[in-house]
Amino acid sequence: MYNLLKGKRGIITGALDQNSIAWKVAEKAHEEGATFVLTNAPIAMRMGEIKALAEKTGSQIIPADATSVEDIEKLYVEAQEILGGKIDFLLHSIGMSVNIRKNIPYAESNYDYFMKGIDVSAMSLHKMLSVAKKLDAINEGGSVVALTYMAAQRTYPFYTDMADIKAMLESIARSFGYHYGKEKKVRINTVSQSPTKTTAGTGIKGFGDFYDFADAIAPLGNADAESCADYCITLFSDLTRMVTMQNLFHDGGYSSTGVSSEVMERLAGE
Ligand SMILES: NC(=O)c1ccc[n+]([C@@H]2O[C@H](COP(=O)([O-])OP(=O)(O)OC[C@H]3O[C@@H](n4cnc5c(N)ncnc54)[C@H](O)[C@@H]3O)[C@@H](O)[C@H]2O)c1
């Protein structure tokens, strides 16, 4: 280990079970010397295994619904009390679409569900940043990372409303990155991750086939949750102190590859 986060304090959202990307980020952040609190929606506390992660990493859990400004305020106040100072890093690892869950085709999206998806998966980043700025809860040079997917740039029919929602998430990271950067040098980036076998990922129709397709296109293959966590750690560290307002692909080269010889051969039936 490199002690990249020695002395840093953080908030990690979204660790539901051992497959969660946030779970791996928490393990790595702990290995790299950070102290942090874990948070998730109250319902996820009952269903998930977050307590085991808290024990393993010596962290406390603060339940918070990421759509509630009141919960987020409480989260920052309590996190700073527990950790003994302002926050240096924040991981936004929150995604949920009721339209996807209910298998509703994109063109027939239910708008109440659409709004819920926006609130949970994109607006929550704005709320977490806005409350942090208001409470001055993040140290100068602090780093915020939100996880996203390439459907924000290119169409993946099965990703339905989450494509639009991720586009909004990435835009919030850019827009807020300007304001928070000017005022406090706080950095905000999104990491655009390969398909990953998690609860949120595998809930998407046709995920298995698509996972294999992406793996066959990417020269390095799909990036797994653990390597995603490593990348997030570098973004929380001071080594990336001038990187902000970026959407950073972490996908084994998938986003820059038109087609691979492997896929061509499969199509030709070789
Ligand atoms: N799995 C993939 O293929 C993939 C690819 C690219 C990006 N991502 C993104 O990574 C992030 C993490 O997802 P994951 O794949 O680790 O799946 P996951 O299901 O383990 O994590 C999603 C988390 O969001 C939390 N959440 C949902 N509603 C919430 C609310 N109202 N308040 C607070 N938390 C809430 C869940 O409890 C869960 O912990 C998501 O933003 C997802 O879109 C995933």
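Cβ atoms here come from the backbone N, Cα and C positions, even for glycine.
As recorded in TrEMBL, the features of this protein are as follows:
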- Tyr149: active site, proton acceptor (ACT_SITE)
- Tyr159: active site, proton acceptor (ACT_SITE)
- Gly14, Ser20, Ile21, Ile94, Lys166: NAD(+) binding site (BINDING)
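Within the set Gly14, Ser20, Ile21, Ile94, Lys166 that the record links to NAD(+), no two Cα atoms are more than 18 Å apart, and one pair reaches that distance. Listed in sequence order, the recorded positions among Ile94, Tyr149, Tyr159, Lys166 whose CB lies under 6 angstroms from an atom of ligand 1 come out as Ile94, Tyr149. Cα to Cα, Ile94 (NAD(+) binding site) and Tyr149 (active site, proton acceptor) are separated by 12 Å. Within the set of recorded positions (Gly14, Ser20, Ile21, Tyr149, Tyr159), the lowest number of other Cβ atoms found within 10 Å of a Cβ is recorded at Tyr159. Tyr159 (active site, proton acceptor) and Tyr149 (active site, proton acceptor) have their C-alpha atoms 10 Å apart, to the nearest angstrom. Secondary structure at Tyr159 (active site, proton acceptor), taken from DSSP and collapsed to helix, strand or coil, is helix. The local packing around Lys166 (NAD(+) binding site), expressed as other Cβ atoms within 10 Å of its Cβ over all shown chains, amounts to 25. Just so you know, the Cβ of Ile94 (NAD(+) binding site) picks up 24 other Cβ atoms within 10 Å once every protein chain is counted.
Look at Gly14 (NAD(+) binding site): DSSP puts it in coil.
Annotated pair Lys166 (NAD(+) binding site) and Tyr149 (active site, proton acceptor), C-alpha to C-alpha distance, rounded: 7 Å.
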